[in-house]
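J.: Got a structure for you, questions after.
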Amino acid sequence: MNIKNSPIGFFDSGVGGLSVMREAISIMPNENFIYFGDSQNAPYGTKELKEVKNLTLNAVDFLLDKNVKAIVVACNTATSAAIEEVRSKYKKLIVIGIEPALKPAVKLSRKGKIIIMATPMTLREKKFKLLMEKYKDESCIESLPCAGLVEFIEQGVLDGEKLEGYLREKFKDYLTDDIASVVLGCTHYPFVKKPLANVIGDHVPLIDGGLGTSYELERKLIEKDLINDSKEKGNIEIYNSINDNKIIDFCYNLINIKI
Ligand code: DGL
């Protein structure tokens, strides 16, 4: 089989990475995609580093068994914990990670604070510290660890009073000041843009890295001459460590819902 026709593998701790994969599908509809969500072990962001490294390496092996031509670690937490290990273990493979999209937020140059929502692990790790170091003199940036938010999305709760209550509590110290923008530094969070806008106002730009990451994937595929040249729409296969049709159906819905 021509390697160009091989699928692209996406991985996340759960359903969140679909916010990235849906962008990749929109820019490369003729590619085949395989998604693996580890919802059985979600959330990753409050686990020990070693455990997240192991879970990530296992997920990568699962995707490699499906003969993928590239892997997107569509999880900020798994990227910060394990991307170096994945790259050094599979030197020839295209491996794309994701990190909070701080650069576009800084470039907007809006008045007020840039707030970065992410998991505790993402905000604690070296990768994020380096990112902050790069931009800290250009803008006023605050990290907002959001333990507990991934669980809403994993349970299919994408709106409602309880979720808005959670978000209101998280943002209570910021609502009286100007918020320049909010960076969604976890791939689950784009699915709760609406309740978030209800809490902080729909004038605040919400920035996520899904599209930027997908363009990086496309660039790498072009560079290695691995773009699928089929004229047909590609296949999408979804797997989850919770072996239940309900979660698989939910995943297909997440690819198509308007966010
Ligand atoms: N989607 C993951 C991320 O981007 C969520 C991590 C978790 O499971 O806590 O960080």
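A Cβ is built for glycine as well, from the same backbone N, Cα and C atoms used for every other residue.
From TrEMBL, here are the annotated features:
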- D12, S13, Y44, G45, N76, T77, T187, H188: substrate binding site (BINDING)
- C75: active site, proton donor/acceptor (ACT_SITE)
- C186: active site, proton donor/acceptor (ACT_SITE)
J.: Specify the secondary structure state of D12 (substrate binding site) as given by DSSP, simplified to three classes.
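T.: Assignment for D12 (substrate binding site) reads strand.
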J.: For the C-alpha pair, I'd like the distance in angstrom between G45 (substrate binding site) and C186 (active site, proton donor/acceptor), rounded off.
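T.: Checking the Cα atoms of G45 (substrate binding site) and C186 (active site, proton donor/acceptor) gives a distance of 9 Å.
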J.: Applying a 10 Å Cβ distance cut-off over all chains shown, what neighbour count does H188 (substrate binding site) have?
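T.: Summing over all protein chains shown, H188 (substrate binding site) has 30 other Cβ atoms within 10 Å.
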J.: Cα of C75 (active site, proton donor/acceptor) to Cα of S13 (substrate binding site): how many Å, rounded?
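T.: That separation, Cα to Cα, works out to 7 Å.
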J.: Count the Cβ atoms, other than its own, that fall within 10 Å of the Cβ of S13 (substrate binding site), considering every protein chain shown.
T.: 32
J.: Between the Cα atoms of D12 (substrate binding site) and C186 (active site, proton donor/acceptor), find the distance and write it as a whole number of Å.
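T.: Pair distance, Cα basis, whole Å: 10 Å.
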J.: Compute the mean position of the Cβ atoms of D12, S13, Y44, G45, N76, T77, T187, H188, which form the recorded substrate site, and then list in sequence order the other residues of that chain whose Cβ is within 8 Å of it.
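T.: Other same-chain residues with Cβ inside the cutoff are G14, G16, G17, A42, P43, C75, A78, T119, T122, V150, C186.
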J.: Quick check for the class: what is the C-alpha distance, in angstrom and rounded, between S13 (substrate binding site) and C186 (active site, proton donor/acceptor)?
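T.: Each residue's Cα considered, S13 (substrate binding site) and C186 (active site, proton donor/acceptor) end up 11 Å apart.
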J.: Residues with Cβ closer than 8 Å to the Cβ of N76 (substrate binding site), same chain and 6+ apart in sequence?
T.: I98, E99, P100, A118, T119, T122, G185, C186, T187
J.: Tell me, by DSSP, whether C186 (active site, proton donor/acceptor) is helix, strand or coil?
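T.: The three-state answer is coil.
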J.: Counting only other Cβ atoms and using a 10 Å cut-off, which of the active-site residues C75, C186 scores lowest?
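T.: Minimum Cβ neighbour count within 10 Å, taken over the active-site residues C75, C186, occurs at C186.
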